[in-house]
Amino acid sequence: MSYNNHRGYGNAYPPSGYSQKPWKRSRYPDQRDEDSRSSSSYSGRYHSEYNSHTPSEYPPSPSSRGIKAAIASNGSTPLGTASAGTPRNQSTPDARLGNEEPAGTDPKTGQNSHDSKFLKLMHHVDFSVPKETRSSDPSKNYKVMYDPELDPTLSKAERKSKQRKLRFKGDGVSSSQVIDPRKTNIAQYFQKPNKRTKKFPFKQLPQSKFVFDKDSLGPPPQTELVVWDLPATTSEVYLENYFRSYGDPIKDMKFINDPINAVPLGVGTFKFQGNPEKAQRLAKKLIQTLKAERAKIDGVEIRIGLNDHDGELLQKRIDSANEKLRIAKNKRAEEDKRRLKRQLEEEQRRHEEQKRIDEENRKIEALKKAEAAATLKVEKFQPNSTMVSIRHNNKVVPGVFLPSDLKKYIKERPYILIHDRYIPTKRIPSQDLKRALNKYDWTRILSDKTGFFIVFNSLNEAKRCFFNEDGRKFYEYKMYMELAVPEGFNRSSDNEDDEGIQAKTRKNDLVDEGVNMLIKEFQMYLSKDIRERIIAPVVLDLLGHDKYPELVESLKAKEAAMKVTAPVVSSNGYLKQNALSLLAKQRKQQQAQTSLPSFKKKIERPKVKRNLIPMQHALNYDRESESESDDDEEDSSRSVTPVASKRDRSSALTSPDDEEEIEAKKHKKTKLQKSFLYESESSSEVEEDAGEEVVDEAADENEIDYSTIEEQYQPTETPSTVFPESELLPTEVFDLEVLQDVIKDDEDMSLAMKVLEEVKPEPIPNMEYWAWKQMDTRNASEEIAEDVDLIESLDPRLECSSGSFRSEGQRQIADADKIEYLPHRRKIHKPLKTVQHDFEEEEEVSNNNSTSTSTNNVQSSRVNRAKNRRFAADITAQIGTESEVLSLNTLTKRKKPVSFARSAIHNWGLYAMEPIAAKEMIIEYVGESIRQQVAEHREKSYLKTGIGSSYLFRVDENTVIDATKKGGIARFINHCCNPSCTAKIIKVEGKKRIVIYALRDIDANEELTYDYKFERETNDEERIRCLCGAPGCKGWLN
Amino acid sequence: MSRLHSTVVITDKILATCRPTKRFDYHDKASITSLDFDDSGQYLISAGIDKSVQLYDVHKGTHSKDIKSQKYGAHLARFTHNALQYLHASTPTEKAEVDHAIRFSDLSNNQYLRYFKGHKGQVTSIEVNPLENTFLSTGYDHTVKMWDLKSSAPIGNLDIGMESVLAYDPQGLVFAVGCSSSGQISLYNTAYFDKGPFLRVNVPVTTSWNKLEFSNNGKLILVSTNGPLHFILDAFLGQILTTLDTNSDPIPYGYPSTGSCTFTPCGKFVLAGTSSGKVSLFDLNQIKSTDGDVHVVHDDTNPTRLTPFKVLNANGGIPKIVAFDPKLFTFATADNTVALWQPQDRL
């Protein structure tokens, strides 16, 4: 705003320098007629006055300013004097220009900066201009006595024609009438004012309630409700529904979590919907009702309040909740600390133990090496023996497995057997195997339900093949071979092929070998004799149970207690096998050449339990038992005498040589260093016998276990860790074969007979058959064990280098390598718990009665479907035409609850949320329906953009459904060679739709799979590996 | 009236809790020159130099209508007794292509009902008779004219010779014409005003006046000035009962307005806007008036000077215009925005 914006009086008044004082007014002598329009006298002046704003044609106007200006120009006013002489008490707003207050009018200048935007109007007042006055002219005063316009009786035309009647100066009104009209009835004037008047003297007034909008000042009415001290179980949705039950819709339900660790604080806020006033009203109402009802949520009384403007209440609640959490956390932290301390102590203890064990292991390692060296020597094998796979350290076992129907093809030639369980004969054509082994001069390859038989003419060639190919990978399988040399194999025929010298040297070698073996054997027997005949009786005498009845009892009790808690040890198969082969080897020289063992040894005998334990253990044991039983035995006697216990004992008492040899043998067979210590002959008999009779008695099973102990744990001081390992092995049944192994010679036999003297032999009508049956069942159980066994072996390349994959960084595993892990993921075919892992316990409970529930579910879903169908039919009957909506719904109605989660097969998988019966529809494969050409184009572009997974589903030659970008979760269903579902293309309303049906009953949480039925890909590079891991997996998707 | 709650007695305590709760900025930040409540107290109307008239609903506290009057300008928008019919003065530009007629308009359909032509200068004051459908106006032509809403010609005329301010008494029996130039207040009998005033009193002039107002109880006259001092006169004798001292600078007006002071409906308090952006509250309970010669008021009966018992901050702008709702405990102030005030801390 500038000076010019004011109607200037520029020349007459300096723009500044006036103090603020009441305006000085001057009267102008000019008695102008109010109707006067004489403009000529001052028109010239106007120009100078208004030129800052307006052009010269200022219209003739009776404006006071104009008049005043004219007067001023006349010079007949005291204005000039006033301006020149007396100090003016007026202030001009111009003096204070410049500081404008944006909020409104500048209190100092009175200028509103925004006014400059608008046109200057007549009613603008320039306070620099004194208000001019003139004397009033009473003659101009009049009152209209009659106005035709106000005469309701007149017509419009008449109103115009009639004249108004004016009364000037109160003509005819007596002076006595010029009085205060109020005073005529002053009492009424004050007491009874007219109620209709706008100016009624109300002493009290109602208040209006303003709604909140953008014009409101201050904060909006508080509508936010704060709920606190909520139980942790309350969810937002639940609370929202709860408050909604009070009738009014709410919004912005929010739970407040700790900003640092996202722990729910049990504090939530919400608002009612609607405008702020309504929301506040509802909020207040709710608070009142809740208070009155003492409403509870999850058994906790609801604490609720209206938040205040600064959110103080909320903050307070958050703080208090935080405080609570902090206290709880501190408590937890303390506990943690304590636990950590305990753990540390334990760790230390364990560490020491570990050290000891390591040392022992090192010893064992050394022994093993020696053993390995020994095996090399023993490697030579003879006809009617089988060398088992490298997985079992190429142990040589007597006897060959040869189905009788193949005998005529094999004709006593050496052959390699690859068991069906390693390479399924049904899946792999023998052609493939032939191709794989074409390097070797095999004669023929036969296949049988037991496996592949690769028959060689030459033993050498067979060996070459065996040693090169054993354990090698073949597709996703591994060829684990068994080299078998039938009984009737004529070595000479082998030799014929070789050069004579070679044969000779070999013969010599064999003789030397035999001599060595014999010597060794003799030595062994000598020491054994010494041990058994001389030392053992003495020791046994000393340790007889009858001598320490109390001790025996207490130990027994203790053992029993330990058993309950001890974990079950895996890999029984191994142990058994090891034991088997060991015994077999030991017996090699004195073999009875029968493949069927004589069963007459299998007689029930009274059990005698005599276990020996290593000296060290004995000491430990004594100390422990002493503390318990308070035995008064002398220390010395105890330390030298092994306690008769239920535990297995090592050969603490055997001669050093003896022990070494036995140990060496033992270790040779232990791969996982979990071998059981099989008693050396000297001490075994009695106690082995003791174990034998357990065969039929389940109750006695535990006792067998005493005879076995894991060697690596033997020397540990704390029996607790050793114990579980020595604990029973459910499959370790003392059956015929074990019995055969145990009783190795006539001496054993006689002893056994002696022990079992009193037992009546069970009458078995057909001994041969019975024995065969025994063996058969044993083999079967062995096979199961083998399956578990299989999982153990993994290419070292894929094994974890650091001990745990978790300690390593994340890395991609190539598809090819994933195959290797397949056996380890076999459990994928058991229902996963991915989806509901939180409720495992409940699930277990429900699993127990799952059979009943699942059938119920299935039924109900069927019933529902039938109901839906009936309903739809009803509707159609009513409406007459089939409505689109219903037909679309038919598929969605039948949809089963499924959910997707990570899959063991490939990235994502679809999982059943509840049991699904066979033939039920599960889900529709939804996606964009596109043409073949488009599909091809898209496939390429998807590949290019890095979408590796294909979600294209061919419906027919021309149509493909693409669920890559738009589609349902059905696209997550993985391929499986042994699928649980199948995809069917059905026609709904003439449109082809893909629907997934269950092929078989599906458990809850089981992954859904179907066969993709890809076309066979000719280019090997483009073939896709199948990772389904199903028993019948083809290995490829296409 | 469902929004209205139990009435509140007008006391100093409650007045002191008044705060602006609404601020309407619909005049484009232009200076507002008039505020008026309608008879029911439901509507508030404001006019500004942006040539617009704004209507507000005081029950809800919302802006309800924007009436542009670009052609004629808008000033002194006053409600008549008919709902939503209002008068406003024209504000011609200096080119004066528009006359100075007072225009009678209906808000409900935005139609002009009548033009009241007769003033030869800018109209500066319009006062509607509190009971009848007549009104007074005055302007820069220094005449006071009386009009009937049904007739476009004035039904009465007084030549004053000076700029003046007008006021009706609560019953419409008497009107007062105050001339700040001369400091004279004349009281006229509405029936015989052409005969001349029945009472003339002189008030020592300080600053120019912006408003005369009879208190609703009819006992007092308020002379609202642009300066720091306002005067309370006896409504019958015209003698100065007391002087209200806001102790602030004069309010710098740029436009004639409907006045910076107002009585509360009870007539016991005066609200006065001050140039410091505040509203001063004066308590007149102790002021004795003659009540029409019933009591004798000596010079020393009343304090010569009254200071505000409370000063309320308007929080923005100068409350140049103050108006109290006749039927609601709400008052409005305006500078370039309109603020509605309400007692706080109670509902």
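Glycine residues also receive a Cβ, built from the backbone N, Cα and C atoms like all the rest.
Check TrEMBL against the ranges A:129-148, A:789-808, A:929-948 and you find region 'Disordered' recorded for A:129-148.
The domain 'Post-SET' (A:1022-1038): residue composition by secondary structure is 1 helix, 2 strand, 14 coil, according to DSSP. Predicted-model confidence for the domain 'SET' (A:896-1013) is 86, expressed as mean pLDDT. For the domain 'SET' (A:896-1013), the number of residues in each DSSP class (helix H, G, I; strand E, B; coil) is 18 helix, 56 strand, 44 coil. Residue counts for the region 'Disordered' (A:129-148) by DSSP state, with H, G and I taken as helix and E and B as strand, are 4 helix, 6 strand, 10 coil.
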